[in-house]
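Some notes on the structure that comes next.
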Amino acid sequence: MTALNDTERAVRNWTAGRPHRPAPMRPPRSEETASERPSRYYPTWLPSRSFIAAVIAIGGMQLLATMDSTVAIVALPKIQNELSLSDAGRSWVITAYVLTFGGLMLLGGRLGDTIGRKRTFIVGVALFTISSVLCAVAWDEATLVIARLSQGVGSAIASPTGLALVATTFPKGPARNAATAVFAAMTAIGSVMGLVVGGALTEVSWRWAFLVNVPIGLVMIYLARTALRETNKERMKLDATGAILATLACTAAVFAFSIGPEKGWMSGITIGSGLVALAAAVAFVIVERTAENPVVPFHLFRDRNRLVTFSAILLAGGVMFSLTVCIGLYVQDILGYSALRAGVGFIPFVIAMGIGLGVSSQLVSRFSPRVLTIGGGYLLFGAMLYGSFFMHRGVPYFPNLVMPIVVGGIGIGMAVVPLTLSAIAGVGFDQIGPVSAIALMLQSLGGPLVLAVIQAVITSRTLYLGGTTGPVKFMNDVQLAALDHAYTYGLLWVAGAAIIVGGMALFIGYTPQQVAHAQEVKEAIDAGEL
């Protein structure tokens, strides 16, 4: 013990006699992005754990946002039966989410620029998660619709902010390309999962279709807090008034169309809702003309080609949404499919739409956008015409049902690509982001607006044929037959809307070269090369 102490004492005396050398100064550690942080003992051929965590956090929100726009479709009949919803209330379970999601999307993106994208993203995910709990415990129509409205607000805050976080979290090159690809893939995966997983969970209880969001949301919040970094804040005046007025105008219009068939088109509540929609729309135009940072810059609408393109995008989004909802309700209400079978039966539609998107992406540089859009519109028209004549109670899945949804899916996919690229054709580099966001907003808002009209047609036709509204479990054979004919009659209106989209495309004057250039610029931006 003494020898040990003497040794220690000798070492200390030797080190004390040496000249003192200050420790070298380490450069301050800069804040690193998720893909730049080294992982000691982690295989170099695999993405880093930080990269994976960031991708899961950002891509997960896009997955949930897409899932919840489709999951309610297969759950609607059971929700209507358990909560005794009217047909108007049933439609609101879907449209409430899409209205606030689409209407507040642009505001959500700018909110991230103003107060920080990481903070905004976490707030949006938290609101979405809490709203999912409220959806699951809803005890009547009002609470469920309010919870769905809140869910849409959460998605509108988190989803566009998540896309912006891809650019600030991952450096240019393979890391950002991979993250962008994952983010884009979540849309397609979410569409399928919303139908299949939603259908499977609905077989147990429709409430589980919303509760499944809760653990995923909590994991995303944790990963976002640990794997994402905060961005610089910009001083920007938010056009909250414009975004709220636009959402209010669309909501009031949808409400008027949804209650018109049951309450009467000349009833006080229907006319009042229409007047509110008109007043909100006029106020929106006035506000946008004077706003410092308008949600919708009106100078983008001075180009006739772009104005027609935006109108076609609005209607095409409505056609796609209405087709999905109408077929989803038809196979359960009339054909008696279970929720799971209905969800699985829709997978060919998603695959067909992907095929249409791929084919159109290859042809868009060779043919003018009007040719591809008209071709897609006529494919959809033929599919809906076929469905209106050959779909009836007791028909087999193949070919009577699978034929129209596959052909219709290809048609929609063919029309979407040229319309989306036409929206950004000829605009400046700094305007591509805002114009793309406006196109996405119009596509989202087109869904509830067109569905409200189609649902009003179906309800009016049902009542005209001696049927009734409400849960199908209370209907007799005569009333079910009336509802059957009303659904197929509604498909004729969807077919008519597809023809109108094709007619609008006749007035789109962009050339294949302009659209091909827009496609190249967009791909370069998505890849982080510009």
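Cβ from N, Cα, C; glycine included.
Under the heading compositional bias 'Basic and acidic residues', Swiss-Prot lists 1-11 (among others).
Marked as topological domain 'Cytoplasmic' by Swiss-Prot on the basis of sequence analysis: 1-50 (among others).
Annotated region 'Disordered' per Swiss-Prot: 1-38, in sequence order.
Marked as compositional bias 'Basic and acidic residues' by Swiss-Prot: 28-38 (among others).
Look at Swiss-Prot and you will find 51-71 (among others) tagged as transmembrane segment, backed by sequence analysis. Beyond the ends of the transmembrane segment (51-71), by six or more residues, the same chain brings 34-35, 94, 97-98, 101, 121, 124-125, 128, 132, 151, 155, 158-159, 162-163, 165-166, 169-170, 175, 178-179, 182-183, 185-187, 189-191, 193-195, 197-198, 209-210, 213, 216-217, 219-220, 223-224, 226-228, 324 to within a C-beta distance below 8 angstroms of the stretch.
Helix first, then strand, then coil: DSSP counts for the topological domain 'Extracellular' (72-91) stand at 17 helix, 0 strand, 3 coil. Among the features that Swiss-Prot reports, topological domain 'Extracellular' is placed at 72-91 (among others).
Taken from Swiss-Prot, the feature transmembrane segment applies to 92-112 (among others).
Sequence annotations record features per position, and here Swiss-Prot assigns topological domain 'Cytoplasmic' to 113-119 (among others) based on sequence analysis.
What Swiss-Prot lists as transmembrane segment is 120-140 (among others).
Residues 72, 79, 83, 85-86, 89, 92-93, 96-97, 99-100, 127, 130-132, 134-135 of the same chain, all 6+ positions outside the topological domain 'Extracellular' (141-150), place their C-beta atoms under 8 angstroms from a C-beta of that stretch. The topological domain 'Extracellular' feature in Swiss-Prot is assigned to 141-150 (among others).
Sequence annotations record features per position, and here Swiss-Prot assigns transmembrane segment to 151-171 (among others).
Feature annotation from Swiss-Prot assigns topological domain 'Cytoplasmic' to 172-180 (among others); the stated evidence is sequence analysis. Taking DSSP states H, G and I as helix and E and B as strand, the topological domain 'Cytoplasmic' (172-180) has 7 helix, 0 strand, 2 coil.
Residues annotated as transmembrane segment in Swiss-Prot: 181-201 (among others).
Annotation comment: Swiss-Prot describes 204-224 (among others) as transmembrane segment, evidence class sequence analysis.
Among the features that Swiss-Prot reports, topological domain 'Cytoplasmic' is placed at 225-239 (among others), with the record citing sequence analysis.
Swiss-Prot lists 261-266 (among others) with the feature topological domain 'Extracellular'. Long-range contacts of the topological domain 'Extracellular' (261-266) within its own chain (CB-CB distance under 8 A, at least 6 residues past either end) are made by residues 86-88, 456, 459-460, 463, 469.
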Recorded stretches the transmembrane segment (307-327) and the transmembrane segment (151-171) touching, at least 3 CB pairs under 8 Å: no
Winner by Cβ pairs under 8 Å against the transmembrane segment (151-171), considering only 120-140, 181-201, 267-287: 120-140
Among 120-140, 204-224, 267-287, 401-421, 438-458, stretch most in contact with the transmembrane segment (489-509) (C-beta, under 8 angstroms): 438-458
Same-chain residues near the topological domain 'Extracellular' (72-91), Cβ under 8 Å, at least 6 residues beyond its ends: 97, 138-141, 144-145, 148, 194-195, 198-199, 202, 206, 209, 258-259, 262, 324-325, 328-329, 332-333, 339-340, 342-343, 451-452, 455, 458-459, 469-473
Stretch with greatest number of CB pairs under 8 Å, the transmembrane segment (204-224) reference, 120-140, 371-391, 401-421 candidates: 120-140
